[in-house]
Amino acid sequence: MATSSRRDEIQRGSIQGPAAGRKFFGGLAAVVGALALVEITSGIIQGFYTPILTDIARRFEVHDADVNWLEAAQFMFAALAVPILAKLGDLYGHRLVLLVTTAVVAGASFTMALAPGFLTFLVGWTLQGAYVVWLPLEVALIYLAARETAKLSDAAHEVPALTRRATGFLVAALELGVIGGALTAGALAEVLSLSVILLIPAVAVATCFFVVLLMVPKDPAHGRAKTNIDVTGVVLLSLSLGTFMAGLVLVRSVGFSNPWPWSLVAVALLIAVPFVRHERRHPEPIIDVDMLKDRTMWPIQLVAGLFGVSILGAQAPLSTFARTDPAAVGYGVGLSAAQVSYAIGIYVVALLVGALLYAPVARWRTPRLALIGASALVAIGFLLFLPFHENLIQLVGNMVIIGLGSGALVAALPAAAAAAAPQSRTGMATGLINTSKTIGGAISSAVFGVALLQGVTKVGVEAGQTAAPLSGYLTVWALCGITAACCAVLLLLVPKQAFTAVSAR
């Protein structure tokens with residue numbers, strides 16, 4: 001009976017066995033494979049819409065800069081939802097939360113496809129942001145399963161490395177999905193109606209729901225706190241983040257000089273004070289403030305926020321710049337939707353390569369040095385846009401450099417957070433990486449939206465002049481380069497051997 005039980009556990013991927021996949025994933029190959037299918041779907045969502053953002057803007061008769069507010073709305077929702085969902089994963093099971101959020105994203109995707117107007121589309125787009133929690137939940141599932149494996153094989157030192165390899169593989173799967181989504185959308189934009197095209201990611205997510213239901217095993221339940229969600233913490237966090245995001249929305253409407261946006265930001269910071277006090281007293285907080293004070297944790301979370309500026313906030317400006325006709329306005333590359341999808345495909349291949357290279361580079365040097373190098377690549381790539389943005393070769397060359405660094409960071413940050421966190425806070429730590437990233441993306445989308453509207457008049461928009469000014473794009477690239485350089489500097493503060501061992505807490 002014991003042998004049969006152990007065989008069943010090995011087949012489910014919950015402990016290490018001698019089957020194929022042990023070399024790379026420590027017997028967790030089945031789990032990693034199923035989660036890779038989820039990440040392919042996530043990639044489809046993330047890559048599919050970028051080549052057709054201009055078409056979406058034209059369909060709903062909105063300005064190019066307003067596309068940034070689609071992303072800002074999704075970032076706002078994700079920033080509010082991810083810490084709560086990640087904590088629910090720690091309390092009630094990461095697989096259960098993964099399943100529920102997949103259903104939410106499927107419903108939102110169908111809403112977008114069938115939307116009769118911009119407001120309905122915006123609601124669907126916003127709720128679709130729940131996919132942001134998928135990777136943190138998956139990393140938590142893998143990390144906890146790897147710790148269970150380590151207890152049986154006395155190989156605790158291998159857990160961080162196994163998690164890095166598995167996370168790199170998941171991010172590579174994500175980027176494959178991005179490539180497939182971008183190429184599909186770009187190719188079909190010329191032959192199908194936008195309504196039909198938007199059904200494709202909806203069907204993909206619906207299929208993903210059944211993949212999670214049937215193929216992803218339950219995560220280990222022992223050691224999970226038997227308590228209810230911290231409702232007071234949820235309310236205070238939602239009020240603080242919601243007020244902060246509302247301030248960002250007002251920035252676009254009334255400008256930086258108006259005091260109202262900054263008043264809302266100040267209110268958000270004031271609400272954060274009782275939130276922090278409450279969280280420090282609660283046995284199962286939404287955000288463990290004491291955990292964040294750890295010298296290996298706070299820099300990695302801050303880096304995630306700064307990284308969000310470029311990986312999330314710069315996507316729409318890059319797409320609209322590539323589509324801008326230089327013959328009409330004197331700048332841009334003048335690509336079609338299909339050509340933009342090819343450029344994005346090359347960029348995503350670079351992301352994929354960067355994600356796969358992170359684990360071996362971290363093993364060759366250290367995770368800390370690999371993170372510093374990745375941040376430097378992102379900074380160099382964006383700063384190169386300032387002098388070099390006149391043709392397709394320059395555009396793609398810069399994007400490849402950015403992609404190599406960004407791919408490594410996407411794979412590295414959640415794995416690093418998991419390694420630095422206590423076992424009962426794994427989902428929280430990995431979820432906070434995405435929360436920090438989405439907050440950075442939301443802030444940058446608001447700022448970039450204002451920058452891209454500078455010099456644009458209402459009369460010009462009504463006359464059909466929807467292109468953003470070149471100065472706005474230069475501002476976007478400069479800010480992305482500077483924030484990435486700040487990431488590299490911050491990582492110098494992390495202990496040299498950080499993220500190489502399992503947390504003892």
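Here the Cβ of each residue, glycine as well, is placed from N, Cα and C on the backbone.
TrEMBL lists 24-49 (among others) with the feature transmembrane segment.
Annotation comment: TrEMBL describes 31-498 as domain 'Major facilitator superfamily (MFS) profile'.
Taken from TrEMBL, the feature transmembrane segment covers 69-89 (among others). Note on the transmembrane segment (69-89): residues 53, 56, 96-98, 101, 122, 125-130, 132-133, 136-137, 140, 229-230, 234, 237-238, 241-242, 245, 248-249, 252, 284, 286-287, 312-313, 315-316, 427-428, 430-432, 434-435, 438-439, 441-442, 445-446, 449 of its chain, located 6 or more positions outside it, place their CB under 8 angstroms from a CB of the stretch.
Only residues 6 or more beyond the boundaries of the transmembrane segment (96-119), in the same chain, are considered here, and those with a CB under 8 A from a CB of the stretch are 38, 45, 60, 62, 85-86, 88-89, 125-128, 130-131, 133-134, 137-138, 141, 195, 198-199, 201-202, 205-206, 208-209, 212-213, 216. What TrEMBL records for 96-119 (among others) is transmembrane segment.
According to TrEMBL, the transmembrane segment annotation covers 125-146 (among others).
Listed by sequence, the residues of this chain that lie at least six past the ends of the transmembrane segment (194-216) yet keep a Cβ under 8 A from its Cβ atoms are 31, 34-35, 37-38, 41, 44-45, 48-49, 52, 55-56, 59, 95, 98-99, 102-103, 105-106, 109-110, 112-114, 131, 141, 181, 184-185, 188. Residues annotated as transmembrane segment in TrEMBL: 194-216 (among others).
Annotated transmembrane segment per TrEMBL: 228-254 (among others), in sequence order.
Among the features that TrEMBL reports, transmembrane segment is placed at 260-276 (among others).
Residues or ranges marked as transmembrane segment by TrEMBL: 297-316 (among others).
The annotation transmembrane segment is assigned in TrEMBL to 336-357 (among others). For the transmembrane segment (336-357), the list of distant contacts is 47, 50-52, 54-55, 168-169, 171-172, 174-176, 178-179, 182-183, 185-187, 189-190, 319, 322-323, 374, 377, 392, 395-396, 399-411: same-chain residues at least six beyond its ends, Cβ to Cβ under 8 Å.
Only residues 6 or more beyond the boundaries of the transmembrane segment (395-417), in the same chain, are considered here, and those with a CB under 8 A from a CB of the stretch are 135-136, 139, 143, 160, 163-164, 167-168, 170-171, 174-175, 297, 300-301, 303-304, 307, 310-311, 318, 322, 333, 343, 346-359, 361-362, 367, 370-371, 373-382, 384-385, 388-389, 429-430, 432-434, 437, 484, 487, 498-499. Among the features that TrEMBL reports, transmembrane segment is placed at 395-417 (among others).
Positions annotated as transmembrane segment by TrEMBL: 438-456 (among others).
For 476-495 (among others), the entry in TrEMBL reads transmembrane segment.
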CB contact flag for the transmembrane segment (228-254) and the transmembrane segment (438-456), at least three pairs under 8 A: yes
Range from 24-49, 297-316, 438-456 with the greatest count of C-beta pairs under 8 A to the transmembrane segment (476-495): 297-316
Interface-richest range of 24-49, 260-276, 297-316, 438-456 toward the transmembrane segment (125-146), CB pairs under 8 Å: 24-49
Long-range environment of the transmembrane segment (260-276) - Cβ separation under 8 angstroms, sequence gap at least 6: 233, 236-237, 239-241, 243-244, 246-248, 250-251, 254, 289
